[in-house]
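Following: one structure in structure tokens, then a few remarks.
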């Protein structure tokens, strides 16, 4: 259990490092600031492919060795980036890192969804948020010591390496269920609830990523907040997301995941609607979005087996994580294009549409599950 908490913390560290280190990195490599956009699509595709294949790999080597190998790949990639002398090396290493991190993300989520309660899975995802927040601190800390960005990547690589060793030592203790017999009729998506669930992950993660990415632009450009106040609210967004996972997990244990998820989707819609209002109401909307979003990803992961059956859960979780990566990469980019064309005001209606789409897709996924479970057996 402790290793799982540390794993969620450690795998999030690189997420917060690249964005802060990039201005210094691109000067070393002599590339424009927009070159980051060249690297990210390759990494996203590699992560999606890796996440999608995780369910199949789990059935062959087990969760312990999957995490060991994947974390070692991620550590190696970060170490290569810390020594890179050319931009193309960073791009290649980012693809290697994406393969490792995609498998870690999907593998850990599949494992905890199978074994842990709503409280524990939300707390594990809270650790991820803490790790993502600590990544920039590592970059700023090394810079404060007069060291280059390479030391930050090296430090995170070392942490990942230690984690890989921990996974290797404990590999046999990561108990996996006995795999069910594979039926000849099984495809990638053998049940009706799979496609709506996968789509839901893309829509939801796109909403969460868009709210966090464009909140500052919206608050300063459309609602006239001072830059310092807007920056404080964005920080409060992430703090609320982490604390919401800590607080709402035990409540979900008592109420059940479905009532909590329905309340959260309602909160997402209400929070997005508040962005239409001026001043403090818009600020409250940002925080409501964070609180409502807090338990959604872990609870949707936890209830995958209810939507598609335990036999298919590991494979479908892999596809859900892949879809989440795609949504987080593409939806904020599309909204960015719209903001560039129509102005920052467009964020509020976009988030309302995404919240309603996520709610509708969740209801469709659970309705499909109900119909499938009530159908007569043959």
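Here the Cβ of each residue, glycine as well, is placed from N, Cα and C on the backbone.
Model, not experiment: these values are computed from the prediction.
Look at TrEMBL and you will find 1-369 tagged as domain 'Major facilitator superfamily (MFS) profile'. As annotated by TrEMBL, transmembrane segment applies to 29-49, 61-80, 86-108, 120-139, 151-175, 195-216, 228-248, 260-277, 283-304, 316-340, 346-365.
Counting Cβ pairs closer than 8 Å to the transmembrane segment (283-304), the top stretch among 120-139, 195-216, 228-248, 316-340, 346-365 is 228-248. Counted over residue pairs separated by six or more positions, the transmembrane segment (86-108) shares at least 3 Cβ pairs under 8 angstroms with the transmembrane segment (316-340), which defines the two as touching.
In this chain, the transmembrane segment (120-139) lies apart from the transmembrane segment (316-340): fewer than three C-beta pairs between them fall below 8 angstroms, excluding pairs fewer than 6 positions apart.
In the predicted model, residues of the domain 'Major facilitator superfamily (MFS) profile' (1-369) average a pLDDT of 86.
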